[in-house]
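Per TrEMBL, these features apply:
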{"type": "TRANSMEM", "residues": "12-29", "note": "transmembrane segment"}
{"type": "TRANSMEM", "residues": "36-53", "note": "transmembrane segment"}
{"type": "DOMAIN", "residues": "36-174", "note": "domain 'DUF4131'"}
{"type": "TRANSMEM", "residues": "59-79", "note": "transmembrane segment"}
{"type": "DOMAIN", "residues": "221-487", "note": "domain 'ComEC/Rec2-related protein'"}
{"type": "TRANSMEM", "residues": "238-265", "note": "transmembrane segment"}
{"type": "TRANSMEM", "residues": "271-304", "note": "transmembrane segment"}
{"type": "TRANSMEM", "residues": "316-333", "note": "transmembrane segment"}
{"type": "TRANSMEM", "residues": "339-360", "note": "transmembrane segment"}
{"type": "TRANSMEM", "residues": "372-393", "note": "transmembrane segment"}
{"type": "TRANSMEM", "residues": "399-420", "note": "transmembrane segment"}
{"type": "TRANSMEM", "residues": "427-448", "note": "transmembrane segment"}
{"type": "TRANSMEM", "residues": "468-487", "note": "transmembrane segment"}
């Protein structure tokens, strides 16, 4: 790539983006990999041949890199989708077999759901089970089940079928007959992490009333199973659903805000080490919740970029972290709203927060403490970025979202931190645990109070029909990108 006009690091950007586009594009087709890959193989061989034959046609080589990455992404999704489809259980058949619970059960107000692994025809297969709320089951429990397999159904415009495929699941059994056999049959590390998560949730539930306890768990872990429909409707109306949908991102706000403040106090390596310890502790306490772990990976990347790797290209770091996760599970890219929300929010943090930060350098913002200022900057940047996706996911625009977010977002990281510390105190000193949770109660109550009052305001939100959602999203994105480009050019002129 010598003498090439495009820097190598930017070529890497194009390759990563092309790979992700290939996976995204492939997700719209239910292709059988084994019927398709032989057609792609000659194309791949041809591109390799052209690469070695061309000496100076750098743009041609660049196009080969990009097309090869796209093809690889396209084939990867097709391969993973084919493997899952071929490993499916026959539907509408009665199964009586032993099974082991392989995830953390999601307990709602009336039922619980969990994944189980069974052995069928010598192969290990997964099923989604939905059963009564009691008795509660746990990761690693061996049970005997009897019930009829059915195909999961999509609902409210949500592609639930492909969402479950990311877990390797294509069938479910509702209300099976269950006989408990034994416990502690799973992976020891997962068992320990889920035990801590259960302990964390139990600590919160025992020390906080409803709905404050469900909100605390939602903020720190991202679980919305305990929320009533009324609370979720209130959150949706005032535009704060993201505070639980982006639970993993909330810990990022804490870390990034601390990083900005500590840059003038500690060395870069000390800040990165300190941040890493906090992230690891948070992951362990929350039982390795997927949304938190996912956000933690990108948080470490961003913290590295802000401290040790100041010369690193943040675009490539973000894309690389997303690519690694998507390679492991290609279904994340299109069928996991949490992943998309997290990635776009982090992008807002990287690209939009510097612009908002400029506004807070003006005289009027001098009176705001640095930590609160940093939290407002980071959270505002994230919300500007994720607004289009939130509209597509929830089909609603909150008219009062700017006001409600200004009132609520600054205290989210602090509230999470209070819940986190309260749980630690309750673990170490149960006798004073309840008192520690009083610190958490008041900000949680404040969030619910604002949510209740604002949601009752006339025209607090407007539901956008599917036909108009694309128009609003396209208009918003054009306006946002145009504004960012204008500001960047303006800064360049000032320099």
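Even glycines carry a Cβ here, placed using N, Cα and C.
All TrEMBL annotations are machine predictions without curation.
Residues 204, 216, 219-220, 238-240, 243, 250-251, 253-254, 257, 282, 285, 372, 375-376, 379-380, 383, 439-440, 443-444, 446-447, 450-451, 454, 457, 459-462 of the same chain lie 6 or more positions beyond the ends of the transmembrane segment (399-420) yet place their CB under 8 Å from a CB of it.
Sorting the domain 'DUF4131' (36-174) by DSSP state (H, G, I as helix; E, B as strand; all else coil) yields 53 helix, 46 strand, 40 coil. If you take every residue in the domain 'ComEC/Rec2-related protein' (221-487) and average the pLDDT, you get 79. Among residues of the same chain six or more beyond the transmembrane segment (427-448), those with a C-beta under 8 A of the stretch's C-beta atoms are 199, 203-204, 207-208, 211-212, 215-216, 231, 240, 243, 408, 411-412, 414-415, 418-419, 421. Same-chain residues lying 6 or more positions outside the transmembrane segment (316-333) and placing a CB less than 8 Å from one of its CB atoms are 9, 12-13, 16-17, 19-20, 23-24, 26-27, 73, 76-77, 80-81, 162-163, 165-166, 294, 297-298, 301-302, 304-305, 309, 339-340, 343, 346-347, 350.
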